[in-house]
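J.: The structure's right below; bear with me while I get my questions together.
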């Protein structure tokens, strides 16, 4: 028998405490469940202020349920790479192409849904940090993703605990693990 549809407002009422930093997500449909056919569906809350960029070998689908978010992306096909911020407003959706470095910035009292396709066997995810001063890659970690919620947290904490990993080899700037208060401006709640 199939499970019932997930009612987002009721789920949030009972489970919003599960959306904890540094990742702030909860897998409502886990890829290990036979019913999901390998798909991952997460409810993600704000605020989060992580500075890492995730690179996934499959597209990612974003739906912004409450409030607005900022999806920071990097076009690595350009030389030099081009940094682009994409606002995703309440009620809007966005499909991020595979292999696009992205940093989802979520603000206070915002909630979104993210869906990821099944990854190929042995596919490698990457968490990467870029230098704010010169744009070079500061550090990255590659891993086979088996549990996004726990693995991302571990890599973020590993980076944060090691100043050598956080120091840009090109210019010496030490990368922050979080954006500073007021550094990023939340887009308007609705698209005007």
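For all residues, glycine too, the Cβ spot is worked out from N, Cα and C.
Not measured: the values here are computed from a predicted model.
Quick paste from Swiss-Prot:
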- 50: O2 binding site (BINDING)
- 54, 60, 102: Fe cation binding site (BINDING)
- 60, 106, 116: substrate binding site (BINDING)
- 131, 134, 168, 171: divalent metal cation binding site (BINDING)
J.: Round to a whole number and give the Cα-to-Cα distance in Å for the pair residue 168 (divalent metal cation binding site) and residue 50 (O2 binding site).
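T.: The Cα atom of residue 168 (divalent metal cation binding site) is 17 Å away from the Cα atom of residue 50 (O2 binding site).
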J.: Just counting, how many other CB atoms are there within 10 A of the CB of residue 116 (substrate binding site)?
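T.: For residue 116 (substrate binding site), the count of other Cβ atoms within 10 Å is 22.
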J.: Counting Cβ atoms within 10 Å of each candidate's own Cβ, which of the binding-site residues 134, 168, 171 comes out highest?
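T.: Selected residue: 168.
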J.: Where the distance is taken from Cα to Cα, which of the binding-site residues 60, 106, 171 turns out closest to residue 50 (O2 binding site)?
T.: 106
J.: Within 10 Å of the Cβ of residue 102 (Fe cation binding site), how many other Cβ atoms can you find? Include all protein chains, please.
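T.: I get 20 for this one.
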J.: How many Å separate the two farthest-apart Cα atoms among the substrate-binding residues 60, 106, 116?
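T.: Max Cα-Cα spread across the substrate binders: 18 Å.
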J.: Across all the protein chains here, work out how many other Cβ atoms are within 10 Å of the Cβ of residue 50 (O2 binding site).
T.: 25
J.: Would you mind reading off the Cα separation of residue 171 (divalent metal cation binding site) from residue 54 (Fe cation binding site), to the nearest angstrom?
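T.: Rounded to the nearest whole number, the Cα-Cα distance is 23 Å.
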J.: If you measure residue 116 (substrate binding site) to residue 54 (Fe cation binding site) at Cα, how many Å is it?
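T.: Answer for this pair: 12 Å between alpha carbons.
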J.: For residue 131 (divalent metal cation binding site), which of the three DSSP-derived states applies: helix, strand, or coil?
T.: coil
J.: How many whole Å apart are the CA atoms of residue 102 (Fe cation binding site) and residue 134 (divalent metal cation binding site)?
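T.: Their Cα atoms are separated by 18 Å.
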J.: If we count other C-beta atoms within 10 Å, could you say which of the binding-site residues 54, 106 has the fewest?
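T.: Fewest other Cβ atoms within 10 Å, among the binding-site residues 54, 106, is found for 54.
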